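Engineer: Pasting in a structure now, in structure tokens, and then I'll have a few things to ask.
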């Protein structure tokens, strides 16, 4: 790996690998692994949202459990994803057995993915509800809305952009963790990388990394577009039917939105 | 000698037949190996953080002056953060080979993205009237930065540094891909050989390291910003 010649050769080999039909097809090929990882990511994100969001939104609505909701992100960051995956795989349950379409160590991987998706979802969901301005809530009460109406028609729409940014962070986290699953011989695209490194086939390792990184960027861009789409204020602005001055509320807090996740 | 000793007292708690999760005997017997991994882990983490800080400070100061650079820096940092660590390391291997430098540079990049944002947020949090007051007192640009802006930005910057430090400790384990993962190497070995004591010991040490480093940074922040202590 020394000298420009070797470097260029490696890039050429990586290129060759990526444009070789054989590396995409077949049991352990790029397509199969990509679908496996997308399936894992979608399942885990959906499960984490079902588990975490109702809890976080409800806690935020009540204004209770804030300490837990905010600090869970710090705890999630301190636990290495690799270590948790390794513990789950080495344990008697869930172990490293095959799990339906999720492949080897599928269940262990899914559990780890859900656990690491929860902190950003819970923290952002909680903070989103807390950040709905008090005077808006009071105005809703003054208009005679019931608690339930206030929650569904006032608090939830205003909280949505910050909730969506939590989903976006969780998506990045889940994709990263699903890749790391390969370090414990789990499913997903990471296997292309680890198998390449195990066989000293660095071109394959590089090719796997390129695909993983590109899909990650595509997912992030798609999530960002989705986040803009659910922002009621940006919609209102384009329809120009909202009263003036409301736009100020939609500014998401930078500290929450940009808190990075450990991956 | 050791074989005889083991035969006398039955299989140790980390033998293949027992394979217990908690095994102090393992920690005693493999003390040297564990210490080596721990030291490597700490060195990689600290080097990555130092690298991140060394690049983040000038970059943030430049980006603050040039708005176009700022949006480029923020876009780049979002991009880097989106790339999973297991994919970032292979992309560096052609340039740095299978060395500790690969891990340090990769993790340094992640730390950089957090730190640049924290620095920009911190400097932005300095109230404008404080700046004006300092200017009125005759502070020049350099003295304003070191005496007024940096100290006031410190709480936000330290919060960013804590996030960077804790996640770098956790991410160092992934360095095992290029065989420089500190405690991650023990975890990888533990998974391959189904060696539970080794696996759990390394995992627990990772979390302990993260907590210790976080506490140290909180103490450092207390020392550096004594005026915030009364508020808390």
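Cβ coordinates are placed from backbone N, Cα and C, and glycine is handled just like the others.
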Engineer: Transmembrane segment per TrEMBL: which of the ranges B:42-61, B:122-141 is that?
Structural biologist: B:42-61
Engineer: So which range, B:13-32, B:73-92, gets flagged transmembrane segment in TrEMBL?
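Structural biologist: Checked against TrEMBL: transmembrane segment maps to B:73-92.
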Engineer: Most CB pairs under 8 Å with the transmembrane segment (B:42-61): which of B:73-92, B:98-120, B:152-179, B:199-220?
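Structural biologist: By the under-8 Å Cβ criterion, the transmembrane segment (B:42-61) pairs most with B:98-120.
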Engineer: For the transmembrane segment (B:199-220), name the stretch out of B:73-92, B:98-120, B:152-179 with the most CB-CB pairs under 8 Å.
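Structural biologist: Looking only at B:73-92, B:98-120, B:152-179, the most contacts with the transmembrane segment (B:199-220) come from B:152-179.
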Engineer: Apart from its near flanks, which chain residues at least 6 from the ends of the transmembrane segment (B:152-179) lie with a Cβ under 8 angstroms of it?
Structural biologist: 41, 44-45, 48-49, 52-53, 85-86, 89-90, 93, 98-100, 102-103, 106-107, 110-111, 114-115, 117-119, 121-123, 125-126, 130, 185, 187-188, 206, 209-210, 213-214, 217-218, 220-221, 224-225, 228
